[in-house]
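The structure appears below as structure tokens.
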Amino acid sequence: MAEEESVKVAVRVRPFNKREKARNSTLIVEMKGATTVLNDPSGENDPKRFTFDYSYWSHDSFKEEASGYLAPAKPHYADQNMVFKDVGMGVLANAWEGYNCSLFAYGQTGSGKSWSIVGYGPNKGIVPLFCDKLFVQIGEKTAGGETASFEVEFSMLEIYNEQVRDLLNPASKRKGGLKVRQHPKLGFYADGLKTVAVSSYQDIENRMEEGTKNRTVAATNMNATSSRAHTIVGIKFTQKYQNAAGEETAKSSVINLVDLAGSERAESTGATGDRLKEGAAINQSLSSLGNVISALVDKANGKKVRVPYRDSTLTKLLKNALGGNSKTIMIAAISPADINYDETLSTLRYADRAKQIKTKVAVNEDPTEKLIRELQEENEKLKKLLESGGIPTKLDDDSDDEDEEDVKSLSKDERERIRKEMEEEMQARILASQQEMEEMKKTWEEKMKQSHESGPVVPDAGAARKEKETTPHLYNLNVDPQLTGMIVHLLKPGEHLVGSSNEESGETPCILLKGLNIQPHHAALIVEGGKVYLDRCQTSPDAKIMVNGQPLTEKEELDHNDRILFGANHLYIFADPKQAGGKKSPAMTYEEAQAEINQNSGFVVGKPDSLGGSSLDELILQDDLVEVLPAIEQANTMSEEMDKKVKFEVAIIPAKKMGIVGSETEPPQRRPPEVLSTNRVMVKMRNVELGLEYLWTKAKFMNRKYLMDEMYESFSDGEDINWPDERDPFTEPPDHEEMIGALHIYLESIAYKIEAKEQLDLTNIKGIEVGKLNVELWPCTQTGKVLRDEDAFVDDPETDLKGQPIAFKVKILNARGLPDRFVDIYCKFKVYTMEPYQTQVIKKAINPDFKFEQLISFNAVDKLELDYLLNGSIFVQLFGKQVPKKREGKKLNTKQIMKKEGMLKGKDIGAENVPKHTVDEGKVGYQFQVLTLKKRLERLEKKMAQMNRVVDVAEKSSKMRVKTDTIKTVLRAKNPDAIEKAIKTIPKDKGAGDNEGVNGQPQSQESAACTLL
């Protein structure tokens, strides 16, 4: 009988990482008991409170023991053992009772998911502790005279780009990955996934290391980002015994331990508005998981909804964990830092929804004969359907998961396609049932023998680690710390060839590397006389080899902790235990090694640590370059190998060039550090054949890079890569619009209600002038009537504008002297937080006349709006479509074109590509400031002249004083008639007093008013 149970949720906060410390991050997470509190760093919103089954404080209050284990220094610190005791032991207890169990970790990349699930070094996570404890308990039961037999089987898979990869059997690689199928008894499963019998924790440790190594090799060869992949460790635990009736009975539990991909916000990783969506595959699983959780919450609250399990590979395989027969626990890993507030809030809300899900769990305990009989009956039913030709459109009555589809409305071709798919599915089910029945009939000894014979002997992880302690070796660096050190090449005396396999000669090098820019004879490592040397191979003079960020030019002796880059993406550390002398000197991380390469390519960002470190802006820029530059190198190599006629270059663009000005949008405290950064890392994509240039955001480029990797994998498999333009990540559509140039129209003159007429420089992303734009700003009434100086001038915006309405017209008259390679030209601009405005499109012209005007109004100017008017600007961008220009002469491939242009490999992304600004950034601002000051000065001079008239009239009328009201009118009135009228009242003012001398003194030559002024 199935019972209903809620998903349990635990939240865990980690210590600050290196990046967060460098940015002086502040702590925004608090925990008390089961409650987690998230504070808004801006202070604008109240703290968010969440209550979960467990809230684990692992941020501080720990001490590192001699073994490296992080133990509690204070009682509230949650170490690995506490998390395992609460979470892992519960999973283990459920497994012994015969329940299916699932544990999955969710959170942004770097939030500590893998720390909780797998752990590092002596700080073992839930998976290894669970496996170790399982075998300890099996041993205890067996030693205690338990008559039951125990079987443990292990599998490990990865979901990347919606494809399932078997991490225990990389040789079984097939295009599109393993097929995910559904069986009425077995549920969703990966067809062909290798499951191995294991008899000890050491077996599992070896298999996990094997799977992680295979994952690392695949990720390196394919340039894949491991943080975008989901990893599922599957353990099937079966207890076999005789029931009261003497029947052999199996009590089984399937345990899924899931490390989900990073849950970054879509706008942080994807390319908003890009026609090609990497997110359609890479991010599809997490998006679908969110939809499934939302639907399950609605269902738990009594709503009748469809649960879209079939929308992604991940949700299919997790169907049991989320809404089926499984006891499920979710660990939400969060960052403690203010710079990750949005991601942390998103994770906590996700976890808060997940805890409302309810699953229906039942013990999996049945006589083996009954299980076999049910599978046989299912097979007979399917065989009869196949023989009769009565193929249904769906095989299961699964109201949770299927859209109701009117089969009659389908076309003949669609019905035939569904029929073929169902026929294939039925045949796969029959085969799966047969395999399951055969497995049930096998003895445990037969399963163990089969596991040992099914593939190469798995190396003992412990023995390999011991050999590393005495032998020089290379180990890999990976952006994912969990994958660093998973590939090790021991360097024993002799010569070790590094390269790719040579299909023509059949030669396989000692150190086999695959992927971008790897030659069959790439490099040689020579171990002689207790020293290790690295040298080039004469047959591959162009092979890319870097040591400590510098190109290798001659044979070089390696030192302990040297960094070596082979090709575009194989990054290694050389370790020599003899040189190290038993001392543990920290080696570089992937980020540090990549930053070293960047600096030696000319990208020096910030000051050396000895000079006081780098600013926040420089740290952000450094992080972006570490991510983008290797990807550009790889993209260029793929373009050459696939002859895509495309070249990528990094572009560091001032934020102002992108229209990002502090006072233009929202107050600084509401914006993340990346928005406050003064520079942006972008990527210029250039079609070297057609002479077209496009500027991509970092997000768009990284998005396209995933698709380039997919295309390159197809290319490596010998498949056709003549994809249509709408699928090709190396192309932009012919009607793609590109920014020609941009400028800022400063609004200070409008704050004083002064008109402005200027011809401004249009500059491209490099700061080079590409034309002129004639613009005007006119103060006006709310209805659009233009105000002239005398009617409109504001002396003090701080007092005269606050709380008052203000309106002005923006006029874009024309552009002059534009490049002739653009057509369909128009301007787009944005004022404050209003929606963007756009001029008409001018089809063909290098001197387009826009004749555009737009009324802008503020109803009651507040402090922020006043700041915007005084210090902000309107960012105007000029867009157009590029006209391709075919190259003349002999047709060249991508590599030849690049060589002809002097772009040699290894110089792709050098400092010469950093923009040099040829137009003064502040020139436009100065223009508007000078204009405003000039107008204000003219106004003040006019007022001074009017005051001099007041003095003259008072003198001529022999008046000692002038009324305050009269002076106020002269200084503040906007109407000349009002001023004239006020001056004419001076001679008639009888209370002003005559200038006839005081206390018998002679009459003064000047009046008192004149003296004052």
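Every residue number used here counts from 1 along the chain in the order it is shown.
Including glycine, each Cβ sits where the backbone N, Cα and C put it.
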Using TrEMBL as the reference, determine which range in 566-593, 678-705, 846-873, 930-957 is annotated coiled coil.
930-957
Under TrEMBL, the annotation region 'Disordered' belongs to which of these stretches: 717-743, 987-1013?
987-1013
Compute the centroid of the Cβ atoms of Gly107, Gln108, Thr109, Gly110, Ser111, Gly112, Lys113, Ser114, then list the same-chain residues not in that set whose Cβ lies within 8 Å of it, in sequence order, for the ATP site.
Ala105, Trp115, Gly262, Ala333, Ser335
Give the mean pLDDT for the domain 'Kinesin motor' (6-357) on the 0 to 100 scale.
86
Looking only at Cβ atoms, how many others are within 10 Å of the one on Gly107 (ATP binding site)?
30
